[in-house]
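Enquirer: Please read through the structure below; I'll follow up with questions.
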Amino acid sequence: MVWLVAMTPRQSSLCGLAAHGLWFLGLVLLMDATARPANHSSTRERAANREENEIMPPDHLNGVKLEMDGHLNKDFHQEVFLGKDMDGFDEDSEPRRSRRKLMVIFSKVDVNTDRRISAKEMQHWIMEKTAEHFQEAVKENKLHFRAVDPDGDGHVSWDEYKVKFLASKGHNEREIAEAIKNHEELKVDEETQEVLGNLRDRWYQADNPPADLLLTEDEFLSFLHPEHSRGMLKFMVKEIFRDLDQDGDKQLSLPEFISLPVGTVENQQGQDIDDNWVKDRKKEFEELIDSNHDGIVTMEELENYMDPMNEYNALNEAKQMIAIADENQNHHLEPEEILKYSEFFTGSKLMDYARNVHEEF
């Protein structure tokens, strides 16, 4: 099942927009502070890995709170604020141009043009940006599906996929295809065998009833992007529970959720990382995932939390994002605030001080 997202076009007065735009442009031109772009190497590495293994389900899903391995998505707020414009704020961007882009985004979120962003306005924006990520995934899936469906019959079997997957890992495609055809044992290492087992389970889960072990393009989308299917989202939650639920009671306690990853580095830098890991996950568990605040997270609660098209979650995220930068505590986001906290919203620190802006006004 693929979710279709309908979006209502935004409408506003041309005169109002012109005045509003001039005001923002004036504000941005006042800012000459030196910028320090953030390091986007992790984003680029993920893109490179995706190109190498385009038919392998990604660990990272844009606009989804948790990675497939249960880690928090560190880029989530930037993804749901910038949408397809994330690349426009990379380390090569010119700071002043980036500030202008940020103010253009501000004006789009600020639907009623009162020069401040409310939680409702931010919620609607988050939903739109999430829909953009959905549409991008659908577009990419068409290319990925063609890679595993060379005969173009609109269906891919598990064996066909397995051949393409192993070929992408450096195995001889012809030899693998011949071995599978003759029901011979594949000569792959133990790690690859384990990956294949997990992929097979996921493949069967994506095969909508009546099961025929053949995936259509839509089913293949669910296979690669479980956030597009309610059934696959449930499967993703079960996989995360399998990794985190230490006592097997099908519930997650706070200690289970904040457990440190294996291979902790025993030095000060490693300790700082560990402290941040615990702090971030504890906050996420208590404030967002555990919706009834009983100290336990059920599969249903985790599924609701991970559902990128959950409007209630989007509103909570909107409030949280505003609270990060809301220095005057008016429950709205203002231009000076979003510029001062630009690193949170865009990944780039576009100005070193906001005090000068205030003094100019």
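The backbone N, Cα and C atoms fix where each Cβ goes, glycine too.
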Enquirer: Name the residue, out of E301, E303, that Swiss-Prot lists for the same Ca(2+) 5 site as D290, N292, D294, please.
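Expert: When Swiss-Prot describes the Ca(2+) 5 site, the candidate it includes is E301.
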Enquirer: May I ask which of the binding-site residues E121, D290, N292, D294, E301 is closest to T192 (phosphothreonine) if we compare their C-alpha atoms?
Expert: E301
Enquirer: Taking the recorded Ca(2+) 1 site as D110, N112, D114, R116, E121, identify the other residues of that chain whose CB atom sits within 8 Å of the mean position of the site's CB atoms, giving them in sequence order.
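Expert: For the Ca(2+) 1 site, the extra neighbours are V109, V111, T113, R115, I117, S118, H332.
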Enquirer: Just name the most isolated of the recorded positions S98, T192, T216, N292, going by other Cβ atoms within 10 Å of its Cβ.
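Expert: Ranked by other Cβ atoms within 10 Å, the recorded positions S98, T192, T216, N292 bottom out at N292.
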Enquirer: Measure from the CA atom of D110 (Ca(2+) 1 binding site) to the CA atom of E301 (Ca(2+) 5 binding site) and give the result in Å, rounded to a whole number.
Expert: 31
